[in-house]
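Pulled from Swiss-Prot:
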- THR65, PRO66, ALA67, GLY68, GLU69, GLY70, LYS71, SER72: ATP binding site (BINDING)
Amino acid sequence: MTHLSDLDIANQSTLQPIKDIAASVGISEDALEPYGHYKAKIDINKITPRENKGKVVLVTAMSPTPAGEGKSTVTVGLADAFHELNKNVMVALREPALGPTFGIKGGATGGGYAQVLPMEDINLHFNGDFHAITTANNALSAFIDNHIHQGNELGIDQRRIEWKRVLDMNDRALRHVNVGLGGPTNGVPREDGFNITVASEIMAILCLSRSIKDLKDKISRITIGYTRDRKPVTVADLKVEGALAMILKDAIKPNLVQSIEGTPTLVHGGPFANIAHGCNSILATETARDLADIVVTEAGFGSDLGAEKFMDIKVREAGFDPAAVVVVATIRALKMHGGVAKDNLKEENVEAVKAGIVNLERHVNNIKKFGVEPVVAINAFIHDTDAEVEYVKSWAKENNVRIALTEVWKKGGKGGVDLANEVLEVIDQPNSFKPLYELELPLEQKIEKIVTEIYGGSKVTFSSKAQKQLKQFKENGWDNYPVCMAKTQYSFSDDQTLLGAPSGFEITIRELEAKTGAGFIVALTGAIMTMPGLPKKPAALNMDVTDDGHAIGLF
């Protein structure tokens, strides 16, 4: 049986005018800034805050296979299912990055009949937010180099500039570059490098800001580097926070689109969860909470990455508690964690599912540590067998875990009604949400708590560089920031080949980065890179555009 591709399904779908989608949740035309017929930005200053804000449902997942487990698909499908049940609901998603779109994953707007549209536009540039973030980031780099070239009044040590340029592409050749070459007229030579745009602190700041004033304040606190006597230099010292915020004045506005079934969806911000905090913007989530009774959102990768950062970074900053958490599981991921090779994941193997269930179990237990009841969603794939699915259901029953088989890829919202009903039962109950750690703990203790309680490790080792940074950060007054771990998404450890639910391992912190504008400290583990590379056969090889301008092969 031949199945339509996600792109084919998207192209066959009928979109409603964006003003009608807006009207369905009470957004006036006055608050709407259309980008064509089917996309718009929202002027948040024209949205009336409400006292009883909508409840937030977070969607996370077990440790994924390289192809991903359909977290965005389940997020959209669950919201469509709430729509089926006549609930007032909105979706809040991250915007896909171009680099992974051309690399390994293809597009990232859901799949099958649980997609957000217009899919082509969202995956390719969308409303220009990533361009604005990239421009603001690189403008700051230009201001830094110009300041040094023009006499360096602040005494910036060009050997200790922490700020890097960015590009929305996977490009390993740009990880380390030299700039300012070619003689005195071209600036002062120094080592530099590029990160991918979604790892930019500007991206994190945009996603954690509540207003333009807040955005400007956070930008002003960015530490760009150090003087020759090791004193931090900030954007405020350069006096360019106003210019950078101006570049972002439209990008800070949430983007409104729709699901195939017409569920209003806000797509805004896109930090990765393995190298950044992995959540969509606070402004989009809070705007949705002012417009809907239920807001379904997601955080990147598993509970060890996006969900932990959602709880310990985003929720602290935003000031709301999650009402429920969905953990997406797939039979193929369970088999992978049970020892099955990638090429054999389509074959029935109940024993491998049994062996791999330990990975899902740890993710479920991680959510419980935050005081929220998890609901497992088995995201159905066509190669799953009844025996494999029944084993997972029996495991859930034995362990008193809520679970639902979810067929939203195939059936849209109707395929997610069972999941929606389970989530509704959790939403109606009080929870005892709490972050994993107190901010007053020293940085090393916060890192150790994440490693031992969420990852299952036994010890954290800090490189000599990281040890020096811990001391310096404490002296600078940065000890009370939350921690943003940069770690492989494929394993609880910092070794991506260590699957299942390993324990007793050590994690090495090789380096720390102070994101004083965004307000967190990044701890880099293992070989994690903030500028990814492309695979040997990138997804781009299967992409094209027709003579009349329609994309081909975009997932």
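Glycine is no exception: its Cβ is also placed from the backbone N, Cα and C atoms.
For THR65 (ATP binding site), the Cβ neighbour count at a 10 Å cut-off comes to 16, with all displayed protein chains included.
Candidate binding-site residues: PRO66, GLY68, GLY70. Fewest other C-beta atoms within 10 angstroms, PRO66. Neighbour count (other Cβ atoms within 10 Å of the Cβ, all protein chains): 25 for SER72 (ATP binding site). Within the same chain, the residues at least 6 positions away from LYS71 (ATP binding site) whose Cβ sits under 8 Å from its Cβ are VAL59, THR60, ALA61, GLU298, GLY300, VAL328, listed in sequence order.
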